[in-house]
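Taking it in order: structure first as structure tokens, then the write-up.
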Ligand SMILES: NC(=O)C1=CN([C@@H]2O[C@H](COP(=O)(O)OP(=O)(O)OC[C@H]3O[C@@H](n4cnc5c(N)ncnc54)[C@H](O)[C@@H]3O)[C@@H](O)[C@H]2O)C=CC1
Ligand SMILES: O=C(O)C1=N[C@H](C(=O)O)C[C@H](O)C1
């Protein structure tokens, strides 16, 4: 494909959105529409034919953990760069994506559990703090229509914190409690307790609570509106064509 063919009619990047009728997908459609250098050429939701996505150079997926793998596989196999915000990416799923990309080394995929710039920094700060505290717990809070728990952000944070603790030689967090009711101590993600709160009035919030002798440190991030994710999504859309292979998280794009 020539440079001219990879651009939209007015020289902009041709963008497709998967999950376009959803809360995030609709917000992404508005953001792409409002960006002078991007051209929204196709909007697809459940039941629509994926082949329409061939019109796009970059597809953005905000669907569901059940749907995302089939969508992503289609995009990679058809040479479409993809930006994924949908959650549910286990290590096994990421390995599958790497396998598809091995057959299409020209394609870029960015998968980020959270596109909020503040949330990315919150995760970085948590990873940095982790080695200094013997205790750590994560409390994520979301709107009640969220399908998955714990959130992708909380799971990713727990993995980063667990990795930093392991590198620092820290053992398990101290905890003598016996669960009187199953689940009372939250979920265990790589040895880090994660608590998921769902309530009307919330959107997307997370606290990482660290503790050591005589002090605690709380790192908190709040998304009050889905527009908070849009600068990160647009950054990924503009960057993904120059990043063949798999990029996890926004960190590398912000550096
Ligand atoms: N990475 C990030 O910064 C963020 C990630 N998310 C994640 O994005 C995902 C979507 O969240 P919401 O927009 O709140 O959900 P939603 O339920 O409002 O939207 C999902 C949309 O996907 C559609 N869909 C389902 N299966 C499909 C398929 N096979 N093909 C095409 N479309 C399909 C649904 O009909 C719906 O319109 C969730 O996994 C959520 O956790 C949400 C906010 C920010
Ligand atoms: O479903 C949501 O709303 C969100 N999902 C992502 C997650 O699971 O971490 C990102 C953000 O928390 C909003």
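Using the three backbone atoms N, Cα and C, a Cβ is placed for every residue, glycine included.
Those TrEMBL annotations? Automatic predictions, nothing curated.
Remember, it's a predicted structure, so these values are computed and weren't measured experimentally.
Per TrEMBL, these features apply:
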type     : residues                                                   : note
ACT_SITE : 142                                                        : active site, proton donor/acceptor
ACT_SITE : 146                                                        : active site, proton donor
BINDING  : 19, 20, 21, 22, 23, 24, 45, 85, 86, 87, 112, 113, 114, 115 : NAD(+) binding site
BINDING  : 143, 152, 153                                              : (S)-2,3,4,5-tetrahydrodipicolinate binding site
COMPBIAS : 176-185                                                    : compositional bias 'Basic and acidic residues'
DOMAIN   : 13-115                                                     : domain 'Dihydrodipicolinate reductase N-terminal'
DOMAIN   : 118-253                                                    : domain 'Dihydrodipicolinate reductase C-terminal'
REGION   : 166-185                                                    : region 'Disordered'
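Sequence features annotated in TrEMBL and their locations in the structure.
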residue: 21; record: NAD(+) binding site; DSSP (3 states): coil
residue: 45; record: NAD(+) binding site; DSSP (3 states): coil
residue: 86; record: NAD(+) binding site; DSSP (3 states): coil
residue: 112; record: NAD(+) binding site; DSSP (3 states): coil
residue: 142; record: active site, proton donor/acceptor; DSSP (3 states): strand
residue: 152; record: (S)-2,3,4,5-tetrahydrodipicolinate binding site; DSSP (3 states): helix
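Ranked by Cα separation from residue 143 ((S)-2,3,4,5-tetrahydrodipicolinate binding site), the binding-site residues 19, 23, 86 are led by 23. Taking the mean position of the Cβ atoms of 143, 152, 153 as the (S)-2,3,4,5-tetrahydrodipicolinate site, the remaining same-chain residues with a Cβ inside 8 Å of that point are 87, 113, 114, 140, 142, 146, 148, 151, 154, 204, 206. The residues of the domain 'Dihydrodipicolinate reductase C-terminal' (118-253), classed with DSSP into helix (H, G, I), strand (E, B) and coil, number 51 helix, 40 strand, 45 coil.
When the record's NAD(+)-binding residues 19, 20, 21, 22, 23, 24, 45, 85, 86, 87, 112, 113, 114, 115 are compared pairwise by CA position, the greatest distance found is 21 Å.
Note: the CA-CA distance between the residue listed as 'active site, proton donor' and residue 19 (NAD(+) binding site) rounds to 14 Å. Here the Cβ of residue 23 (NAD(+) binding site) has 13 other Cβ atoms within 10 Å, regardless of which shown protein chain they belong to. For ligand 1, there are no nearby recorded positions; that is, of 142, 143, 153, none has a C-beta under 6 Å from one of its atoms.
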